[in-house]
Ligand SMILES: Cc1cc2nc3c(=O)[nH]c(=O)nc-3n(C[C@H](O)[C@H](O)[C@H](O)COP(=O)(O)O)c2cc1C
């Protein structure tokens, strides 16, 4: 294998991809915005905590601090064009609230078409380098039963995967339970 010493920002810090992007939905008064975040992770099962790492450059960042609640939704690969559009335009320039969505129990906007979504209440924000980790407590869950298997997992081959630098894919339909 080739190796090189890491100095400063890496040209491609993406070797842990492909990842499943979460679409972060946030609303402040009438303003609705959506921002895909592939830097997302479960943090705790009990209580259910989920985090998204968002750059302060994003319009979403300021909205999250104001709203203190947000959604995170997970989408089929068929929605790749929409997810890519949401992730390549800023709410500062376009109204991404025009994307089809509904409001959850807590009033957070949830992008239509998801196989699953969380409603989260913002618990803490921690800065790690050039991104801030927004940690939310899951207060409601939405699931599209027809898109999930009997254990609540997305059906094989369904989820949208992000490979970085504008490349998307989907998982194989073949699965293994060793
Ligand atoms: C698939 C995908 C994943 C992304 N993941 C992140 C992420 O984890 N964190 C982040 O800050 N930006 C991420 N971005 C970039 C933002 O989504 C993008 O800059 C977006 O246009 C910001 O919108 P806003 O300015 O309306 O908040 C991602 C973009 C794409 C396309």
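From the backbone N, Cα and C atoms, a Cβ is placed for every residue, glycine too.
Features reported for this protein in TrEMBL:
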- 5, 105: NADP(+) 1 binding site (BINDING)
- 14, 17, 58, 84, 162, 165: NADP(+) 2 binding site (BINDING)
- 14-169: domain 'Flavin reductase like' (DOMAIN)
- 33, 35-36, 38-39, 53, 55, 58-60, 86, 89-91, 96: FMN binding site (BINDING)
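Structure coloured by features recorded in TrEMBL.
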| residue | record | DSSP class |
| --- | --- | --- |
| 5 | NADP(+) 1 binding site | coil |
| 14 | NADP(+) 2 binding site | coil |
| 33 | FMN binding site | strand |
| 55 | FMN binding site | coil |
| 84 | NADP(+) 2 binding site | helix |
| 105 | NADP(+) 1 binding site | coil |
| 162 | NADP(+) 2 binding site | strand |
Long-range Cβ list for residue 17 (NADP(+) 2 binding site), cut-off under 8 Å, min separation 6+ in sequence, same chain only, gives 38, 162, 163, 164
Taking 10 A as the limit, how many CB atoms besides its own sit near the CB of residue 55 (FMN binding site)?
14
Check the DSSP secondary structure of residue 96 (FMN binding site), expressed as helix, strand or coil.
helix
Counting other CB atoms within 10 Å of each candidate's CB, the least crowded of the binding-site residues 58, 84, 96, 105 is 105
When the Cβ positions of the binding-site residues 14, 33, 36, 55, 165 are compared with the atoms of ligand 1, which fall under 6 Å?
33, 36, 55
Compare the C-alpha of residue 58 (NADP(+) 2 binding site) with the C-alpha of each of the binding-site residues 5, 33, 36, 90, and give the closest one.
90
Report the nearest neighbour of residue 5 (NADP(+) 1 binding site) in space among the binding-site residues 36, 55, 84, 86, 165, comparing Cα positions.
165
Cα-Cα, whole number of Å: residue 59 (FMN binding site) versus residue 84 (NADP(+) 2 binding site)?
16
Can you tell me the CA-to-CA distance separating residue 90 (FMN binding site) and residue 84 (NADP(+) 2 binding site), as a whole number of Å?
12
Note: in the chain of residue 39 (FMN binding site), residues six or more apart in sequence with C-beta under 8 angstroms of its C-beta are 19, 52, 53, 54, 131
What Cα-Cα separation, expressed in whole Å, is found between residue 105 (NADP(+) 1 binding site) and residue 96 (FMN binding site)?
21
The domain 'Flavin reductase like' (14-169) [mean pLDDT, rounded to integer]
98
Of 14, 59, 162, the binding-site residues given in the record, which has the fewest other CB atoms within 10 A of its CB?
14
Please list residues from the chain of residue 36 (FMN binding site) whose Cβ is under 8 angstroms from its Cβ, counting only those at least six apart in sequence.
21, 22, 23, 24, 83, 84, 86, 87, 162
